[in-house]
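Comments concern the structure below.
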Amino acid sequence: MIIKPKIRGFICTNAHPAGCAHGVKEQIDYVQTHGELKIKPKNVLVIGCSTGYGLASRITAAFGAGAKTLGICFEKEPTEKKTATAGWYNTAAFHQQASQAGLYCKTINGDAFSHAIKQQTIETIQQDLGKIDLIIYSLASPRRTDPDTGDTYISTLKPVGQTYQTKTYDTSKNIVHEVTLDPALDDEINQTIKVMGGEDWELWLKALKEADVLAENCITTAYTYIGKELTWPIYGHATIGKAKEDLDRAAAQLNQDYADLKLKAYVTSLKAVVTQASSAIPVMPLYISLMYKVMKQEACHEGVIEQIYGLFTNNLLNSNPSLDEVSRIRMDGVETNDDIQAKIKAAWLKVNTDNMAQLGDYAGYHEDFLKLFGFGHAQVDYEQDIDPQVTWA
Ligand code: NAD
């Protein structure tokens, strides 16, 4: 099959196996070039391991520390006519490259919110690993079915409290235009907290503790985005921000509940990057394009692997990581500093369809977007016939 990108709005509906493998290899190379972690987790569970920040976490743990990794993801396998999702191909490539390097890895593909997948994970840990010393919680999902009630909740990306009028960039029409976003109803806020808040993170830790597979001094982190004034109305102070506040509550609760194990639970705030999750959020493609331009000009641009390698090297695994006033680890300090934000804001006030190419780095945004699905790598021959039937079993 010759595989070319099929883009529909903010998503690409297919993926390229060789391109995804190349992307995984680039992240592995980054970690190997930057050197081994000083503090090395041994057995790492990554919930949401196949793309974005979770994949970078798995790669850093495996190739930076030689850790055994067990990953959980929700990806579609290939059929005769359709490619798999990018996360499927990323996982296949990770497995191939980890086994070549002699590293243990297993991946469970299914709904992380369900009891069944938690149970399967526990059985795998008991059989293969004994105990887990690091748990990365990196899920981004539009819906969650509560495993006890069977009720399904949908997350919403809306402002809270008042209507918000702002600029946005329509990536399919290449135009900057005004958009009015209506505030969320209380039920929409509550449903978003059910999907993206801390409840499932807590359920994971509870199940792992009850099965006695958590090592003493175990560390866990869930990822958040805090941002600044430009993104607060649609992120930090919006429905998704309310869900992320619930992660702070959950982290405090986990630290209290598992003090006997000396477990440490942190929320880590990461910078905005192009991932499948962030490209679905209104305003983010425009914000990220302007932010890329500024941060590249200031030579402080970072992607997922730079952020996560930095997190693992400088903070998360230390006995006393530096924390903000709400006990969160902050990896977003460069993006959110006043100078960078002032430059992004100046561009934001001026940007329109005509000057978008000068003020923003949409080309860089789009390149990263294509790479999420394995497209746009200069080293990959996209004219070549390729078998989409790739697996990792
Ligand atoms: P992503 O879309 O790249 O990855 C999501 C992962 O979750 C994938 O591995 C997917 O398979 C998995 N997943 C989704 N639903 C699942 C389910 N029901 N069961 C099992 N696995 C499931 O997302 P991302 O952008 O890397 O986001 C990961 C975390 O990082 C999120 O909490 C997000 O809020 C946070 N974060 C993202 C950004 C950003 O700019 N992208 C910035 C800061 C923090």
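A Cβ is built for glycine as well, from the same backbone N, Cα and C atoms used for every other residue.
Tyr235 (active site, proton donor) is surrounded by 26 other CB atoms, counting those within 10 A of its CB over all protein chains shown. According to DSSP, Tyr235 (active site, proton donor) is assigned to coil rather than to any helix or strand. Taken from TrEMBL, the feature active site, proton donor applies to Tyr235.
The DSSP secondary structure for Lys244 (NAD(+) binding site) is helix. Annotation for Lys244 (NAD(+) binding site): spatial neighbours Met196, Gly197, Thr224, Tyr225, Ile226, Gly236, Val267, criterion Cβ-Cβ under 8 Å with sequence separation of six or more. Feature annotation from TrEMBL assigns NAD(+) binding site to 48-53, 74-75, 111-112, 139-140, Lys244, 273-275.
Taken from TrEMBL, the feature substrate binding site applies to Tyr225.
TrEMBL lists 2-80 with the feature domain 'Trans-2-enoyl-CoA reductase-like NAD(P)H binding'. Averaged across the domain 'Trans-2-enoyl-CoA reductase-like NAD(P)H binding' (2-80), pLDDT for the predicted model comes to 97.
The domain 'Trans-2-enoyl-CoA reductase catalytic' annotation in TrEMBL covers 82-316.
Among the features that TrEMBL reports, domain 'Enoyl reductase FAD binding' is placed at 323-386. Using DSSP to sort the residues of the domain 'Enoyl reductase FAD binding' (323-386) gives these counts of helix, strand and coil: 32 helix, 2 strand, 30 coil.
Counting every protein chain shown, 20 other Cβ atoms lie within 10 Å of the Cβ of Glu75 (site 'Plays an important role in discriminating NADH against NADPH'). Positions annotated as site 'Plays an important role in discriminating NADH against NADPH' by TrEMBL: Glu75.
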Exercise. With respect to ligand 1, which members of the recorded positions Tyr235, Lys244, Val274 satisfy a Cβ distance under 6 angstroms to one of its atoms?
Worked result: none
Exercise. For the domain 'Trans-2-enoyl-CoA reductase-like NAD(P)H binding' (2-80), what are the DSSP-based totals of helix, strand and coil residues?
Worked result: 32 helix, 15 strand, 32 coil
Problem set entry | Gly52 (NAD(+) binding site), number of other Cβ atoms within 10 Å | 25
For this session: Tell me the Cβ contacts of Val274 (NAD(+) binding site) under 8 Å, same chain only and six or more apart in sequence, or just say none.
Result: Ile288, Tyr365, Asp368, Phe369, Leu372
Problem set entry | Entry from the binding-site residues list Phe74, Tyr225 having the most other CB atoms no farther than 10 A | Tyr225
Problem set entry | Neighbouring C-beta atoms (10 Å sphere around the C-beta of Gly48 (NAD(+) binding site)) | 26
Exercise. Which chain-mates of Ser50 (NAD(+) binding site) that are at least 6 residues away have a CB under 8 A from its CB, listed by sequence?
Worked result: Gly71, Cys73, Glu75, Ala86, Gly87, Trp88, Asn90, Thr91, Thr107
